[in-house]
There are 4 protein chains.
Amino acid sequence: MQRIGVLTSGGDASGMNSCIRAVVRKAIYHGLEVIGIRRGYSGFIDADMGPMNLSSVADIIGRGGTILHTARSERFMTREGRAMAMENVERFGIQGLVVIGGDGSFTGASIFYQEHGIPVICVPGTIDNDIAGTDYTIGFDTAVNNVVDAINKIRDTATSHERTFVIEVMGRNSGNIALAAGLAGGAESILIPEIPFNVEDICKKLLNGIKRGKLHSVILVAEGAASGLEIGKKIKELTGFDTKVTILGHLQRGGSPTAFDRILAARLGAKAVELLMAGETNKMVGIRAGEIVATDLTEVLGKPSPINKEMYDLARILSI
Amino acid sequence: MQRIGVLTSGGDASGMNSCIRAVVRKAIYHGLEVIGIRRGYSGFIDADMGPMNLSSVADIIGRGGTILHTARSERFMTREGRAMAMENVERFGIQGLVVIGGDGSFTGASIFYQEHGIPVICVPGTIDNDIAGTDYTIGFDTAVNNVVDAINKIRDTATSHERTFVIEVMGRNSGNIALAAGLAGGAESILIPEIPFNVEDICKKLLNGIKRGKLHSVILVAEGAASGLEIGKKIKELTGFDTKVTILGHLQRGGSPTAFDRILAARLGAKAVELLMAGETNKMVGIRAGEIVATDLTEVLGKPSPINKEMYDLARILSI
Amino acid sequence: MQRIGVLTSGGDASGMNSCIRAVVRKAIYHGLEVIGIRRGYSGFIDADMGPMNLSSVADIIGRGGTILHTARSERFMTREGRAMAMENVERFGIQGLVVIGGDGSFTGASIFYQEHGIPVICVPGTIDNDIAGTDYTIGFDTAVNNVVDAINKIRDTATSHERTFVIEVMGRNSGNIALAAGLAGGAESILIPEIPFNVEDICKKLLNGIKRGKLHSVILVAEGAASGLEIGKKIKELTGFDTKVTILGHLQRGGSPTAFDRILAARLGAKAVELLMAGETNKMVGIRAGEIVATDLTEVLGKPSPINKEMYDLARILSI
Amino acid sequence: MQRIGVLTSGGDASGMNSCIRAVVRKAIYHGLEVIGIRRGYSGFIDADMGPMNLSSVADIIGRGGTILHTARSERFMTREGRAMAMENVERFGIQGLVVIGGDGSFTGASIFYQEHGIPVICVPGTIDNDIAGTDYTIGFDTAVNNVVDAINKIRDTATSHERTFVIEVMGRNSGNIALAAGLAGGAESILIPEIPFNVEDICKKLLNGIKRGKLHSVILVAEGAASGLEIGKKIKELTGFDTKVTILGHLQRGGSPTAFDRILAARLGAKAVELLMAGETNKMVGIRAGEIVATDLTEVLGKPSPINKEMYDLARILSI
């Protein structure tokens, strides 16, 4: 192994830059060369790539997003697109590939490996924390802190006006952000796609709270569980409360990564390089029980990543 | 003057607590007693009020929102409602009133004074910074920093994905937040109610930027100028760019106040007490040219508070 | 079990309030009563304690420090002091005790249990993360983020002036904060008590960096490894570089807890109550491999909590 | 005027980058060329300079420090040094110079203009806010918010342990940072070089506070007023209180600039370019009463910039 490629793919996640930095420096430390591939698989196909050195990754450890940019690529889902990418692999002398992204990106990497035999190691970088084989994904901790920060600010208004606030957060298929941020932010109710709910129960809880003197409430809704606007409307109908809705949107992704995400990203990125050097392929690095481990992609792709039911129950108990 | 009342009214603004603290402590320092009135004019009518002392305002200097809570009151717009409030003035022995809020709250205060003769001093507390007679209102600086912080985070994603983002911020009648945050955050275009715009020009600018290699853009829209969703839709239609929209909503108001808002709030609150002690009434305290000054409410109510045209032009120049 | 006591002891750590909230609410949820003991063992001896209810812990989830206050108590190290505390146990009808603190506090709790038979469950709350039996202690993640935030700010000056900065961080016996913050903040060297170092090597690395064009450096020193001032002086002597020193001090402890610390604190606090209800005693709750577990205090007290050598080596590699 | 130079000099201040960005973009907008001079007067002498374009200043609006770097230069204080700089002025075709820095940097600029006739416009960039002719300097607002943030964190520990904390902040000749941060942070006492104090009075106030139930105190000391360590020692001697000292040091300077500093920097930088284009020289731009104005350097250099006595008295009143 003398030269590796690295790319970021899918939705951006804070900490991807720390991971790129780790991949580049770890590789250079061991005498490898690194090709940075821009715009994910799209740039991989279009040869939008070039060599990276120590100073390519200077001062990026604390910056959100990804300096390699990212994109979704329809073409890489086709055999022709992947064949074009393989031409670039040969042209640039790439002998192994690090793919930082989510489930969809890993699927592409795995097919690419199977078709062309080029070793691939995947690194979980997605704010949703919904990938099997790792306890945490890069960007999740930052996203959760972003949401908690927003809850804090909104609660100031909720308290001052004695209002109910519905906050819709990211998570199409996963309630992880809503659950963690709701527990950390003391949300009165948390709605996630993994667990059925009905608005009547939420309203009952709100009314009980009012009876006990609780003057404001925050209800967190994962976008995959329901529409924040609809939940707000229903609560207003059923309780008559002045209910406001905020959809947090894209500000959840960005910002300087937390220390946790930076450290996780550094450890995972370095491990990915080690695995390529050891001749491994078709694996994802992850953190399990505090240890950095590798898992075969066949055990990752399409596998469920269940929410922590203990945390869900705890959030319910603590918000009485 | 032996006993004064203080209330917060209208939308909450960060720094209101610092102002309440200043009113209470300044008054006590001069031997006055303070009655805190909860829920704005609503609590004023309902006698939701009671004495405050030094420890009532301990540890609130850094907290967003208002510990006195706030509300909108239809009843105070009626002669009957105000008469009920006047009964509470007599019952609690209040000899002067400090009203922290915005234009609507000041109108109520002014009518109350005219009908019942109780001295009132108003303090401008609103995130919009749209009140005549003061260069800054309490809460504006914090709101602008909140928006800039959100722009920073969203720009990480805009850059990573090379997208155009439309961000809708508060300001029904005023573009002040959009203008200040847009200049501070380096927004490519700023749409405010005070200045006409057309989406074609914005798109032209976006396309010129693309030609020069600019890969992402942030367009800030004050809610009073246009709907962020509609602007986003039109840009997409006209340019074909992947355009995303975020509506920042209520997180703009809250959070721990900036140093600027805390200091402004302290100075204005203390001045309000001084004015009441000096026998003044029907005035608003404000900061003008760095000095804390009093302005007759007749020169404040309904008067325009124009935007800073120099800053608007500058924002346009710097975003080339 | 009908009534439990809770206290915080030793140095304050951000997240202690989230833990107190969890203990109180979890206990009330299960029908228990809670006595809050103020000022740690000192208040335990002096009967500085009283009942807590749901509203005692409202709005504290996001506040640093501990609303129960904390103190070091010489008297509780004596048999007489502990006997006085036992009198209060009886007087207030306490049947089980939750102690949130560090190693020293746990020793006191253990002796108290052995002498008086009152069940005690300990919760690790200390910024140092140096307690056996748990992967993380409450307050560590917040402290590390505080340090990283400070490194970011100082690096702005280091870069602008092309200077070397030595930053001394907390950690008398443990390099955990220095190591995590150094890795997350991209420190060029990290000095910790667990691993020998010599200043000559650090200077050699600095000089190599200069040769490669590196114009600024940050060296992180755990207070238990060396004096920041002395390290700075030696570097200046050996290299002639303009070297500045900052001792971060107490600002490392405080601030609103991170989401990670809030969630950890909630889970540990709730588990402590569960253990008391299950008749357990003389145990510490902790998080191991993502699971909340209980460990006998005999396996915790005085046991080493080694640093993560992989992370130390990684920090060295990534700072080339 | 076809080509201008820009440099930053003296201690770095957050917002300098926003100012450089404004100078560059405003100049380019008007068809001028810009030469960026690195390392202040030192690089000016050594020809460490080169052309800047729109992308030189992309993405720097939110970054602390200065991308042009800064340095102190003994050589520029000599006629020979300045003659060498003049050679570079001719070599690079510079027809006007923007100097961003403090009092010392302005003196150098003024002498340079007098000796060599090259037009200079100065921009006040220093965290101390101690320059005559402007109400605010770039970097002051950010520094004050940094200190307030530190006070908040330290107060968590002060409260939890019921301790007195002495915090030493920057300000060798000026108490502006201490005064603003002390008023905003609710410090119990503020010691500044402009106003005499004695430690006995501070201790009396502390003891009075204790009597009234105040359990913790924060005393802010400007480094020019006294040594924090000595003040802490004396307070401990006189009161017996557990008194801790923190010297904030260099973290006060850095960090992403506040919205206020970014806007101020943009407006001042743009105005500097306008003045050069209008044929002006030997002036400083500043903000006075909200307006951007120019002042002759003769009215700036060595002139006192008194503290705001009203704010000092207010801080005292509010900390009762």
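Even glycines carry a Cβ here, placed using N, Cα and C.
If you check TrEMBL, you get these features:
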- B:ASP128: active site, proton acceptor (ACT_SITE)
- B:GLY11, B:ARG72, B:SER73, B:GLY102, B:ASP103, B:GLY104, B:SER105: ATP binding site (BINDING)
- B:ARG21, B:ALA22, B:VAL23, B:VAL24, B:ARG25, B:ARG155, B:GLY186, B:ALA187, B:GLU188, B:ARG212, B:LYS214, B:LEU215, B:HIS216: ADP binding site (BINDING)
- B:ASP103: Mg(2+) binding site (BINDING)
- B:THR126, B:ILE127, B:ASP128, B:ARG163, B:MET170, B:GLY171, B:ARG172, B:GLU223, B:LYS244, B:HIS250, B:LEU251, B:GLN252, B:ARG253: substrate binding site (BINDING)
- B:3-276: domain 'Phosphofructokinase' (DOMAIN)
Take the binding-site residues B:VAL23, B:ARG25, B:GLY186, B:LYS244, B:LEU251, B:ARG253 and keep those with a Cβ under 8 Å from any chain A Cβ; what remains? B:LYS244, B:LEU251, B:ARG253
Mind sorting out which of the binding-site residues B:ARG21, B:ARG72, B:GLY102, B:SER105, B:ARG253 are close to chain D, meaning Cβ under 8 Å from one of its Cβ atoms? B:ARG21
Would you mind sorting out which of B:ARG21, B:ARG25, B:ARG72, B:GLY102, B:ASP128, B:GLY186 (the recorded positions) have a C-alpha within 10 A of the one on B:MET170 (substrate binding site)? B:ASP128
Per-residue Cβ crowding (10 Å cut-off), top of recorded positions B:ASP128, B:GLU188: B:ASP128
Spatially closest candidate among B:GLY102, B:SER105, B:GLU188, the listed binding-site residues, to B:ARG253 (substrate binding site) (Cα to Cα): B:GLY102
Longest CA-CA distance among B:GLY11, B:ARG72, B:SER73, B:GLY102, B:ASP103, B:GLY104, B:SER105, per record bound to ATP, angstrom: 14
If you measure every Cα to Cα pair among B:ARG21, B:ALA22, B:VAL23, B:VAL24, B:ARG25, B:ARG155, B:GLY186, B:ALA187, B:GLU188, B:ARG212, B:LYS214, B:LEU215, B:HIS216, the residues listed for ADP, what is the largest value in Å? 57
Would you mind reading off the Cα separation of B:VAL23 (ADP binding site) from B:GLY102 (ATP binding site), to the nearest angstrom? 17
What three-state class does DSSP give B:LYS244 (substrate binding site)? strand
Cβ-Cβ distance under 8 Å, sequence separation of 6 or more, same chain as B:SER73 (ATP binding site); the residues meeting this, in order, are B:SER9, B:GLY40, B:TYR41, B:SER42, B:PHE44, B:ILE45, B:GLY81, B:GLY108
What is the separation, in Å, between the Cα atoms of B:GLY11 (ATP binding site) and B:ARG25 (ADP binding site)? 24
Expressed to the nearest Å, what is the distance separating B:SER105 (ATP binding site) and B:GLY186 (ADP binding site) at their Cα atoms? 34
Within the chain of B:GLY102 (ATP binding site), which residues six or more apart in sequence place their C-beta under 8 angstroms from its C-beta? B:SER9, B:GLY10, B:GLY11, B:PRO124, B:GLY125, B:THR126, B:ASP128, B:ILE131, B:THR137
Taking the binding-site residues one at a time (B:ARG25, B:ARG72, B:HIS216, B:LYS244), which has its Cβ surrounded by the most other Cβ atoms within 10 Å? B:ARG25
Look up B:SER73 (ATP binding site) in the DSSP assignment and report helix, strand or coil. coil
Of the binding-site residues B:ASP103, B:GLY104, B:ARG172, B:LYS244, B:LEU251, which sits closest to B:GLY186 (ADP binding site) by Cα distance? B:LYS244
Including all protein chains displayed, how many Cβ atoms other than that of B:LYS214 (ADP binding site) lie within 10 Å of its Cβ? 19
Can you grab the distance from B:ARG21 (ADP binding site) over to B:LYS244 (substrate binding site)? Cα atoms, rounded to a whole Å. 42
